[in-house]
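K.L.:
Dumping the structure here so I can ask a few things about it.
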Amino acid sequence: MDLFKSLLGFDDWTGKPHKFCSMHTVVVLGGLFVLVLAEVTERFTFKLMLDRMESYRYFLMQMSTFLYIPPMFCIVGYKATQSDFIDEEVTEFPKSKFFVMGMLDLAQSMLLFLPGGKTPATLTVIFLQASVPATMLFAQILLKDEYSKFHVLGGSIMMAGILVGLLPVFSMVLSDVYEEQEMAWNSLCYLLAAIPGALSVLYKEKALATQPMDVYYLNAWVAVYQFIGGLLVAPLAFDIPALHLDQRISGLECLVNGVSEIRTDKCHLGLGLLLLFLVCKVVAFFGVGFVLQHTSVSVLYSGYTAALPMAFVLLEWYQQDQDGPLSSVWSDAFSCAVVLLGLVLYRLNPEPGMEATTMSAAEKEAQSLLLDDASDFGLRYT
């Protein structure tokens, strides 16, 4: 019932929930639908893009980061002209901390993009959920956060579901077929992306605990350092044959002219796929802010939870049309169901300090002034 009331929203004058058929509710439901659609489409275009342009996965990673920077700085520039922009305290935030955030996000992106082309489509969605229990585990160890029994139970069930999805992968590691071995090792590397992803979330929590921060300013600078870091470590992808990444540098020719150095790559419509992927990321980013502004964190997480089975079904349909070794359909479906159950249980209670994700920089600054004895780790802003 509380979730339903949060979805309806509350009238500013009466304090009562809006009626289900009110314009406010229709707009909120529409925004939530767009957010879920953007999340599902982003997962599908991610896998489709990597499969079609396998030799340009590193280039696609860098290009998606580079194209994400201009819209963020455009928004920052616009907000800088408005009176509600947080000024000196935000802009004087040490850039070295942005650099660390960018490097952690870069490590996560590399472990998603490079192995993502060889990872079974359905597992790309299932393994992505590993960041939830990983974040909980590292938060307990590093930040001494306390989680409820529902968090621990839900996270444990999620890990059990992920292990079910790993069973076919473990069997392929010992296979005599090279393609199956390659798929298995890439799937394991893809799963490891949860580690830098979780550390990135926790580092931001630590660095921004009592620091007012504008989310657009944060994302813009983190993306800048992530792109620069990607340029510095590019030789790992292009110049070390022992890694067997087989990446090419002629990505622009692939995207613009549709010409590839490798015959198996399908570069036509590549630019359209990349732009659609980025549009979905931006729409999802704004959708999160819209849903939080009009409803609550619980409604937002309900949308994310609903997107998981929808993305799984879509990618399962896509996977059946692909050539090459496939992971077990039934084990993947069971794995997704178990992970979904764990995710639902995990979201029954808010995470420690998660109320800060709904705060603007101004609200966060006000709370830090009011709560003199606030914990250094009590405010999570990601």
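Positions of Cβ are set from backbone N, Cα and C atoms, glycine also.
Keep in mind the model is a prediction, meaning the values are calculated, not measured.
So TrEMBL lists these for the protein:
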{"type": "TRANSMEM", "residues": "20-38", "note": "transmembrane segment"}
{"type": "TRANSMEM", "residues": "58-78", "note": "transmembrane segment"}
{"type": "TRANSMEM", "residues": "121-143", "note": "transmembrane segment"}
{"type": "TRANSMEM", "residues": "150-171", "note": "transmembrane segment"}
{"type": "TRANSMEM", "residues": "183-203", "note": "transmembrane segment"}
{"type": "TRANSMEM", "residues": "215-238", "note": "transmembrane segment"}
{"type": "TRANSMEM", "residues": "269-292", "note": "transmembrane segment"}
{"type": "TRANSMEM", "residues": "299-318", "note": "transmembrane segment"}
{"type": "TRANSMEM", "residues": "330-349", "note": "transmembrane segment"}
K.L.:
Looking at the stretches 20-38, 58-78, 183-203, 269-292, which one shares the most CB pairs under 8 Å with the transmembrane segment (215-238)?
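P.N.:
Stretch with the highest Cβ contact count: 58-78.
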K.L.:
For the transmembrane segment (269-292), which partner among 58-78, 150-171, 183-203 gives the most CB pairs under 8 Å?
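P.N.:
Stretch with the highest Cβ contact count: 58-78.
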K.L.:
Are there three or more C-beta pairs under 8 angstroms joining the transmembrane segment (330-349) and the transmembrane segment (150-171), sequence spacing 6 or more?
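P.N.:
These two segments touch.
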K.L.:
Can you work out which residues elsewhere in the same chain, 6+ from the ends of the transmembrane segment (121-143), have a Cβ less than 8 Å from its Cβ atoms?
P.N.:
43, 46-47, 151-152, 155-156, 158-159, 161-162, 165, 169, 187, 190-191, 193-195, 197-199, 201-202, 205-206, 308, 311-312, 315-316, 318-319, 322, 327, 332, 335-336, 339, 342-343, 346, 351-352, 377
K.L.:
Apart from its near flanks, which chain residues at least 6 from the ends of the transmembrane segment (299-318) lie with a Cβ under 8 angstroms of it?
P.N.:
3, 6-7, 32, 35-36, 39-40, 43-44, 47-48, 121-122, 124-126, 129, 288, 291-292, 329, 332-333, 336, 339-340, 343-344, 347
